Amino acid sequence: MNLDFLNESQRQAVLMTDGPVMILAGAGSGKTRTLVARIQYLLEEKRVSPYQILAVTFSNKAAREMRERLAVNTSVNVGTLQVTTFHAFCAKVLRMEATYLGLSKNFTIYDDGESQSIIKAILTKRGINQKELSPYTVAAFIDGLKNLGYYMGLARNADVEKYAEDKRLFDIFMEYEAELHRSNAVDFGGLITGVLNLFRSYPEVLQKYQQKFKYVLVDEYQDTNRAQFDLILQLSQTHRNLCVVGDEDQSIYSWRGADIRNILDYESVFPEAKLIKLEQNYRSSKKIIEAASEVISRNLARKGKQMWTDNDEGEEIRIVECRDDKAEADFVGQQIRHLVQEGVSLKDIAVFYRNNAHSRTIEDALRKEKFPYRVVAGIKFYDRKEIKDMISYMRVVVNKKDSLALTRIINTPARGVGATSLRKLEDEAVRLQLSLFELLEKIVESPAEFKHLSLSGKVQSAVYQLVHLIQEVQVLETQNHSPSFSYEKLLNESGYYEVLRADKSYEGAARLENLEELMSAIKQFEDSENEPNMVKFLETITLDTTVSEDGSTDQVSLMTVHGSKGLEYPYVFLIGIEENIFPSYKSLEVGPVALEEERRLFYVAMTRAMKQLTITFAQSRLLWGSIKFNGPSQFLHEIPAQYYRWDFFQTGSKKAQFDNYSQSYDDWDQSNHSSDDQVFYKEKVYQTKKAVANLSNYPSGSKIVHALYGEGTVLDTEGLGQDEKVTILFRDGVRKKFMVKFAPLQKA
């Protein structure tokens with residue numbers, strides 16, 4: 001087998017077949033090519049049977065790509081070779097050995113929705129209010145235990161004991177597992193813990209698989225959790241030919257259970273392990289790779305690599321300071337236009353952001369420029385469920401005959417108006433030739449006239465509350481209150497905000513951020529209109545988002561940084577690189593371990609770029625309807641000055657203005673830029689913040705007492721006089737926003 005197409009380190013990784021091996025594969029270092037060559041070498045040169053090789057990775061796409069490459073590159077029949085994902089492998093083992101665990105071979109694998117249904121039934125049976133304990137919180141708890149490899153009846157280690165301290169949640173977990181077993185079902189996480197339980201309980205079954213797989217290979221090893229680590233450890237104990245491939249500098253999934261200790265401690269578990277480093281990058285320019293290496297070198301939790309490349313020196317990284325988030329989006333849109341004019345294809349351009357909510361301003365800018373785009377591994381902002389839900393609330397406010405919108409929200413969040421009750425209401429509306437909302441209004445006005453519908457007290461109460469909320473907001477609209485005020489009322493009094501706030505999962509937090517970004521979108525709309533109202537706002541977003549989809553593959557790619565892993569683009573825009581956003585405020589609160597993961601995430605973002613990397617941040621950003629002043633991310637400070645140039649972008653004139661500072665992060669606060677408008681802007685920001693702080697009756701940090709919620713601390717203040725609003729954190733952890741003129745507040 002000819003290995004001339006590999007570099008020296010890659011050849012080492014292919015030829016070192018026996019015993020435990022760790023391949024540290026840096027970004028863009030040809031990892032997949034090396035893995036495929038290693039398997040091919042085992043098959044062709046070592047004459048290993050395909051039946052004796054197990055290669056596991058994390059995605060079906062990665063597994064499929066490896067299988068396809070092997071089918072093309074080797075003459076050996078690879079039909080019995082298992083190149084698969086952890087979950088697919090475990091599902092196959094469980095079906096073959098199901099009877100050992102009291103399951104039939106045709107057991108069902110429950111998806112997240114079906115698991116949620118079981119959890120909700122358990123909470124209802126126990127009389128637990130789902131607003132107090134969200135099913136999503138329970139699901140995250142269960143998932144956490146399974147990531148640790150815990151199975152019912154197993155001895156608890158120290159990590160599991162931390163979970164068991166919450167007796168109520170642990171008891172729910174036990175009942176959930178029992179219900180799965182009664183249903184002859186396994187959930188997604190249970191596929192792996194089921195196989196672990198099988199191997200622990202029946203050593204003869206484990207021995208069969210240990211004998212079968214002489215060579216075990218694991219891709220993306222840095223993303224493994226404790227359960228997956230235990231699984232591959234047990235499988236490889238007989239032959240000890242375990243090859244793991246990963247990069248500790250790209251370990252970015254701790255929130256999903258990934259444990260970086262698996263890769264950092266590999267040589268402790270296998271003292272005889274050989275370490276091979278793939279450090280040559282084939283993707284990016286010298287400037288990008290060297291800058292990214294400087295940033296990641298600040299992390300302590302790493303094995304250590306020195307990435308290098310034979311690629312061209314390349315352009316300097318461009319760091320662009322923008323006046324605000326709208327200017328930032330305008331800048332990205334204009335720069336993409338310039339690239340297209342230079343002959344660059346849209347498919348070669350990507351925009352990355354830390355959180356999904358930050359896609360909204362970029363989507364607006366791309367629509368304005370009439371550029372098609374796709375949201376990779378995500379949903380376009382105005383197509384996200386929570387956004388469509390709240391827009392449906394607004395549509396019912398402005399058009400009570402919009403029965404489609406009302407059908408969407410009548411039981412969102414859950415109010416007890418199920419499918420049967422909804423069908424009765426819809427049939428009655430048709431019979432009386434009324435819209436659905438007009439019928440609900442009549443039921444509220446004259447409930448006795450609709451006894452024949454046999455609506456439960458719970459349904460009648462839900463109808464009453466929803467109708468009154470919509471009617472109250474309709475009155476606000478006639479009184480010319482701002483759309484943002486109406487939106488805030490709908491969000492809070494519908495119960496939607498509280499339900500999401502109770503959801504402690506990663507997805508719940510992301511959905512809240514999207515709703516906060518919708519508030520920012522409404523505020524920006526208000527700033528651009530002389531007489532803003534809800535009708536105009538809905539019309540604007542409908543017209544702006546109705547873009548024909550021509551199916552073209554030539555589109556700009558938008559994605560979170562997490563979603564960018566494993567991808568590469570010639571031109572990358574990395575936006576919103578500010579303190580409290582990237583790194584996130586949560587990581588800054590948690591401490592050094594979380595901050596290092598944020599730095600790894602930043603490193604991943606940088607190393608996706610092949611030719612040109614542009615990083616932007618905004619002096620001010622509209623978040624949750626308030627202007628925030630975060631300042632540039634500390635990660636920008638970590639890029640040495642020789643690798644970037646620093647520009648300032650502002651809009652407001654027919655011609656966009658740029659100032660090239662060639663300054664460093666350290667100069668940012670004191671910089672006296674050439675634009676007089678910029679100096680004025682900074683002074684204005686300072687004066688405005690100071691004025692609000694001085695004039696507010698409840699400045700940030702002040703202690704208050706609320707008649708219902710008790711003692712709390714003011715977190716944020718916006719507006720003045722009749723429009724003043726305060727965000728308060730109460731002692732029980734509840735955070736609420738109030739209009740001061742309406743709230744029963746007094747100073748503590």
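Heads up, the Cβ atoms here are built off N, Cα and C, so glycines get one too.
The ATP binding site feature in TrEMBL is assigned to ALA25, GLY26, ALA27, GLY28, SER29, GLY30, LYS31, THR32. Other C-beta atoms found within 10 angstroms of the C-beta of ALA27 (ATP binding site) number 27, with every protein chain shown included. Taken residue by residue with DSSP, ALA27 (ATP binding site) is part of neither helix nor strand, so it is coil.
Marked as domain 'UvrD-like helicase ATP-binding' by TrEMBL: 4-285.
As annotated by TrEMBL, domain 'UvrD-like helicase C-terminal' applies to 286-566.
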Minimal Cβ count within 10 Å, across the binding-site residues SER29, THR32, points to THR32
Cβ contacts within 10 Å for ALA25 (ATP binding site), all chains included, total 28
Residues lining the ATP site besides ALA25, GLY26, ALA27, GLY28, SER29, GLY30, LYS31, THR32 (CB within 8 A of their CB center) are THR34, ASP247, LEU278, ASN281, TYR282
DSSP says THR32 (ATP binding site), in three-state terms, is helix
